[in-house]
């Protein structure tokens, strides 16, 4: 009995935990993986749009400025070459000479004319004439290519600005995961919440267990991924995330934690990655938020503090208590041992039912016998007519 009480005591002595594991996914959702020795870098250029969107902001802005500046310089140089080849620069003071571009007297003027042409801000005293067919062709090319550059760069900037990454920053996960009893079964639980009043549509949750394993053939897999069921079969993984929800993984026979006791779990080396996905209500774009829990961040024998209260006509969420937990009596044995103990208890109760029924029947039989004796006494005392008198009548 003392051992059972110690097993359920939340304040029992905890074994030392393993520390120092390198995270696969950071708490803020960043994947702690760097791509090294990539030889086929040309593949990034085959999808230039995605490459530009994935760049850091300072690099994206630098590329944005360079794209426009280089096109202006390129076409400005061509305008200058046309003027130089036609001899327009040698007849600047000749009023009878018809240049390709009026008042284009040097490279700077050609550069400014290129900017005016590509940005369509309107011509000033520099304007193309109809005596320059090569200039007309170049004007058409610059107008078309300038529109393509505008569409490409503005599209990149728009997609980069409207990316739902910042929306994922308002989706929060509890700082710890907990293990405790729920409906008589051991469950691994964590909490998710949405700080915004605009909701995530079609929200779903997934969980992955990441740890190293070795196959029967001796192959070592350093980051083996195993799915943790969070209600896929029952539909509980589809969330209506209006208020914070506690996500539960029942530790059953299909769970990788089925044979893990408290001591074994705390000595294990693993990482639990949780992934929340959904569509942003305002934009319709898919959003994904991630977090992870190491062994040190899994609290055995704890439960989350309630954050939802009913006020006058509405529910209020107190996010100050979002990460808080409290200790509850929880067995230190594994879920398998707990299930076996419950099965033995159920079997004992099952086989004890017939014996209890037999005892009840015997008690009822003894009571009926005592009642019959009292009736006989009453008959003899004259409370009931004797059978002989009835026969005589």
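Each residue, glycine too, has its Cβ placed from N, Cα and C.
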Using Swiss-Prot as the reference, determine which range in 114-119, 120-125, 126-131, 132-137 is annotated motif 'Selectivity filter'.
120-125
In Swiss-Prot, which of 58-82, 158-182, 183-207 is tagged transmembrane segment?
58-82
By DSSP assignment, list the helix, strand and coil residue numbers for the topological domain 'Extracellular' (83-106), in that order.
7 helix, 1 strand, 16 coil
Taking DSSP states H, G and I as helix and E and B as strand, how many residues of the topological domain 'Extracellular' (126-134) are helix, strand and coil?
2 helix, 1 strand, 6 coil
